[in-house]
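Asks: Quick one: the structure is below, and I'll ask about it shortly.
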Amino acid sequence: MGDAGAKYHALREDYPGHTNGESLANGEENLELVNRAEEGLSSMSTEKNSIVPGVKRDGHFPSEEHTSVGKYRHVCRRWMKCLGWMFELAMDLLRSFHHVILGSKLNVLLLCVPLAIVGVPLQFGQGWVFLLSLLGMAPLAERLGFVTEQLSFVTGSTVGGLLNATFGNATEMIICIFALKNNMIRVVQLSLLGSILSNMLLVLGSAFLFGGLAHPKKAQTFRKATAQVSSGLLLMAVMGLLFPATLHATKTEMNSGVSELILSRFSSIVMLVAYTAYLYFQLRSHRELYDPEGEGVEGEAASDSDECKLAFWVSIAWLTILTIFISILSENLIDAIEGASTSWNVPVSFISVIILPIVGNAAEHASAIMFALKDKLDLSLGVAIGSSTQISMFVIPFCVVIGWPMGTDIDLNFQLFETTTLFITVLVVAFMLQDGTANYFKGLMLVLCYSIVGASFFVHLDHSE
């Protein structure tokens, strides 16, 4: 710094007009020389400071992040922020405990959850383990629907309905994954078929029935355009299931046992592509069909009666917790289903098609009825028909595709009796939805149709068993 200062002052002495803040006498030329002198001073200072540890060549001291101590402090701050966020989330979970766990009338059945978990090592018997797991899954599935409903306050009604249908089907998907793991292909097929039948007949019928009884002096309406799109997808799913079953029943396969498997995998990929296009159609290109004008007014009216009780990340945390417990109980169900069938003297097909879906669809059942009582049939259809569409066009082909690398040869041949039952059910529901209105009589007919289906599977002998 001493040499640089001497050079600078020597230049100033050559131009005495530049003293005590006065302007230079020689004008712009002399001003340029002084600026060059200042640049020389800056460059010499930088060269000298460059050898000083911890100082950059531009002459500025670095921030704390560029030193070892600074990096340590920066990491500590990030960990402290993370721990603080986790602590705050834990406190929010505790504060929301009474909303999630104690906010349902089915909370008494939550006592069955620990009993079902300890029933396996204590050898309660497969019949009791199956029953306790079944009863314990009912409140968990219903609370799963409540949490996804809370998410809809943040994501909107369209995405909220999609989330409700997706997490409402989480029970069936988890059950199917464990069944595929145990190579119980028939249980997967029958449980998914039963879920579709339950949603289309029992859930939708109950929504129409109770909604019509709650509003007897008016005709409840819903959007026909969206209902027709869903009916078309369901008919496409029936087509995908019908051809492999017919091919097998008529013995017209080119290669026995191979052709229907290849056809099923090809059809599954096509169905997944169609469902992906449907999501784009619903959420992007034709969103106005699902989010019509005036929804904001309805949303404001709904917000007055439906208060958002859970924050976004609290809802995500509860979804994770509930899904873990559902997974544990699902594994117990799959392991004990055959023992329960033997001890109860009830066919496995009846348990898979009727009993399991009724419990697994508890979330859809409660949500659809609740929306119908509030005269929001579009949301009821989004839950019931949307769930059936998702299972038929996504879950079933997804199981076929994921079973391919797992070495499990699951196909779309659900047998002729089961496929015929699904085909007639889709026709009945499509006929009920064609005019865009609902009443309690339509709901009663759908519920009675489900009772006929249940009785049929009770006397049906499944040769694959």
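Using N, Cα and C of the backbone, Cβ positions are placed for all residues, glycine too.
Feature table excerpt (TrEMBL):
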DOMAIN    128-283  domain 'Sodium/calcium exchanger membrane region'
DOMAIN    315-452  domain 'Sodium/calcium exchanger membrane region'
TRANSMEM  100-122  transmembrane segment
TRANSMEM  159-180  transmembrane segment
TRANSMEM  192-213  transmembrane segment
TRANSMEM  225-243  transmembrane segment
TRANSMEM  263-281  transmembrane segment
TRANSMEM  310-330  transmembrane segment
TRANSMEM  350-373  transmembrane segment
TRANSMEM  380-406  transmembrane segment
TRANSMEM  412-433  transmembrane segment
TRANSMEM  440-461  transmembrane segment
Asks: Ranking 225-243, 350-373, 412-433 by the number of C-beta pairs under 8 Å to the transmembrane segment (192-213), which range is first?
Replies: 350-373
Asks: Using a threshold of three or more Cβ pairs below 8 Å, and leaving out pairs closer than 6 in sequence, do the transmembrane segment (263-281) and the transmembrane segment (380-406) count as in contact?
Replies: yes
Asks: Hey, which bits of the same chain come close to the transmembrane segment (100-122), Cβ under 8 Å, at least six residues off its ends?
Replies: 128-129, 132-133, 135-136, 138-140, 142-143, 146-147, 310, 318, 325, 328-329, 332, 335, 362
Asks: Let me spell it out: take the transmembrane segment (225-243), skip the flanking residues so only those 6+ beyond its ends count, and list any with a Cβ under 8 Å from a Cβ in it.
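Replies: Distant contacts of the transmembrane segment (225-243): 200, 263, 267-268, 270-271, 274-275, 278, 281, 289-290, 378, 381-382, 385-386, 388-389, 392-393, 396-397, 412-414, 419, 422-423, 426, 429-430, 433-434, 436.
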Asks: May I ask for the residues of the chain that lie six or more residues beyond the transmembrane segment (412-433) and have a Cβ under 8 Å from a Cβ within it?
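Replies: Long-range Cβ neighbours of the transmembrane segment (412-433): 189-190, 193, 196-197, 200-201, 204, 222, 224, 227-228, 231, 234-235, 238, 240-242, 244-249, 260, 263-264, 267-268, 353, 381, 385, 396-397, 400, 442, 445-446, 449, 453, 456, 460, 462, 464.
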Asks: Please list the DSSP helix, strand and coil residue counts for the domain 'Sodium/calcium exchanger membrane region' (315-452).
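Replies: Grouping H, G, I as helix and E, B as strand yields 116 helix, 2 strand, 20 coil.
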Asks: What same-chain residues lie close to the transmembrane segment (263-281): Cβ under 8 Å, and 6 or more beyond its ends?
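Replies: Residues 162, 229, 233, 236-237, 240, 243-244, 247, 389-390, 393-394, 396-398, 400-401, 404, 410-413.
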